[in-house]
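J.: So TrEMBL lists the following for this protein:
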BINDING   Asp22, Leu23, Asn24, Arg37, His60, Leu61, Gly62, Arg63, Arg119, Arg156  substrate binding site
BINDING   Lys206, Gly302, Glu333, Gly359, Gly360, Asp361, Ser362  ATP binding site
Amino acid sequence: MKTIDELLAEGVAGKRVFVRADLNVPLAGTTITDDGRIRAVLPTVKALAEAGARVVVASHLGRPKGAPDPAFSLAPAAARLGELLGAEVAFATDTVGESAQAVVAGLGDGQVAVVENLRFNAGETSKDDAERAAFADRLAALADVYVGDGFGAVHRKHASVFDLPAKLPHYAGYLIATEVGVLKKLTDEVQRPYVVALGGAKVSDKLAVIDELLGKADRLLIGGGMAYTFLKAKGYEIGNSLLQEDQIPAVQEYLERAEKNGVELVLPVDTLVAADFPDLKTKAPANPTAVAADAIPAGQQGLDIGPETRKLYASKLADAATVFWNGPMGVFEHPDYAEGTKAVAQALLDSPAFTVVGGGDSAAAVRILGFDETAFGHISTGGGASLEYLEGKTLPGLAALED
Ligand SMILES: Nc1ncnc2c1ncn2[C@@H]1O[C@H](COP(=O)(O)OP(=O)(O)O)[C@@H](O)[C@H]1O
Ligand SMILES: O=C(OP(=O)(O)O)[C@H](O)COP(=O)(O)O
């Protein structure tokens, strides 16, 4: 993989450099609640700008449906990037259209622009190779060189991640180089016991990863939205909790295999429930109740692990030598459902283990809940990406940078 240092050595002054970043930051309206992913790409953007490149930054944000949707605009992220750089950042109101072309044409050496959300274009995420390639051609027309630095999205076979690098000279940015360096150590020489804690809301993506992890980790702790599919697979009622019904047979097989292979697969023993999803804007008290994992009442949904599970998971992390954690244990954005996530973060800090926390929301949770991020071994900007890397999969966005 050629790195940005090689590009800088070759010289980039006056060249249009397309930086595929992951600026998929958590937003409350148009307010960024955690700017970690923007800070993470600063070294790359700064180095290119200082070397006189004309920097075109592109990213997805959220999961819009292939058409413009103001709720997912990158405008707040572009403004924040400008503040962090201490420089004007131009913003194009489309991704490859007239606005983007004009903004890129207007860039001077050392200047930076952000184009609008890549996923406002159906070609970005299309499963059709030709449709993706056609969109990648339009992206390629904006630049002379490609720098991949959106680590959080390298597991996606998307036009800007996979197809575009093949069309331009391509290099890995500093963030990708750092992330891969740390995760490689975890796969090559993991110290045991190796404990993986999984939670979050992207249940279908992450359940699939457990298949491989059962052959790698010594212990798996399950929390967040994915826990309820496990509880359902054990035959418990889960009310209105998140459920990935089509994966119940797979999860039942995981439970059996874990037992056979001597992998400890630990599920919540209790959970916080309420009738409604909490209001994350007003943060009005949600008044949840704690119930046993096999006693979730009909009409209620599980929104965090309960107090007994917090203690149990802390004890299961205490003797770990290596911990990988992806996915909040509950809806941490609301104070009534933040205790499970806090308990796991605290247990990681209390343990002597080498700890990696991965995922946009997991990393944000650690910072928003007031933990010192430097106290963790590594905070990865990618959740799904780091999980799939640890699984040993070939990630499209890394493979594309490799030839
Ligand atoms: N029990 C639950 N029900 C619904 N959502 C949940 C639950 N537990 C956690 N979440 C949500 O999961 C989201 C983060 O999930 P995800 O995107 O998978 O994590 P990451 O970005 O760290 O990979 C958070 O916004 C949190 O509110
Ligand atoms: O937030 C992200 O991943 P993560 O939640 O696994 O950390 C990335 O920006 C990828 O987004 P996607 O899962 O919508 O493709």
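A Cβ is built for glycine as well, from the same backbone N, Cα and C atoms used for every other residue.
Where the annotation comes from TrEMBL, it is an automatic prediction and has not been curated.
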J.: Can you list which of the binding-site residues Asp22, His60, Gly62, Gly360, Asp361, Ser362 have their Cβ under 6 Å from some atom of ligand 1?
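T.: Listed by sequence, the hits are Gly360, Asp361, Ser362.
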J.: When you rank Lys206, Gly302, Gly359, Gly360, Asp361 by Cα distance to His60 (substrate binding site), which of the binding-site residues ends up on top as the closest?
T.: Gly360
J.: Distance between Ser362 (ATP binding site) and Arg119 (substrate binding site) at the Cα atoms, whole Å?
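T.: Cα of Ser362 (ATP binding site) to Cα of Arg119 (substrate binding site) measures 23 Å after rounding.
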J.: Sort Arg119 (substrate binding site) into helix, strand or coil using the DSSP assignment.
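T.: It is helical.
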J.: List nothing but the largest Cα to Cα distance in Å, as a whole number, among the residues Lys206, Gly302, Glu333, Gly359, Gly360, Asp361, Ser362 that the record says bind ATP.
T.: 22
J.: How long is the line from the C-alpha of Gly360 (ATP binding site) to the C-alpha of Arg119 (substrate binding site), rounded to the nearest angstrom?
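T.: Between the Cα atoms of Gly360 (ATP binding site) and Arg119 (substrate binding site), the distance comes to 17 Å.
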J.: Within 8 Å of the centroid of the Cβ atoms of Asp22, Leu23, Asn24, Arg37, His60, Leu61, Gly62, Arg63, Arg119, Arg156, which other residues of that chain place their own Cβ, given that this set defines the recorded substrate site?
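T.: Neighbours within 8 Å of the Cβ centroid, excluding Asp22, Leu23, Asn24, Arg37, His60, Leu61, Gly62, Arg63, Arg119, Arg156: Ser59, Asn117, Leu118, Gly152, Ala153.
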J.: Where Gly302 (ATP binding site) and Gly62 (substrate binding site) are concerned, what is their Cα separation in Å, rounded?
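T.: That comes out at 24 Å between the alpha carbons.
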J.: Can you tell me which of these binding-site residues sit near ligand 2, meaning the Cβ is under 6 Å from at least one of its atoms: Asp22, Asn24, Arg119, Gly359, Gly360?
T.: Asp22, Asn24, Gly359, Gly360
J.: Could you work out which of the binding-site residues (Gly62, Gly359) has its C-beta surrounded by the smallest number of other C-beta atoms within 10 A?
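T.: Fewest other Cβ atoms within 10 Å, among the binding-site residues Gly62, Gly359, is found for Gly62.
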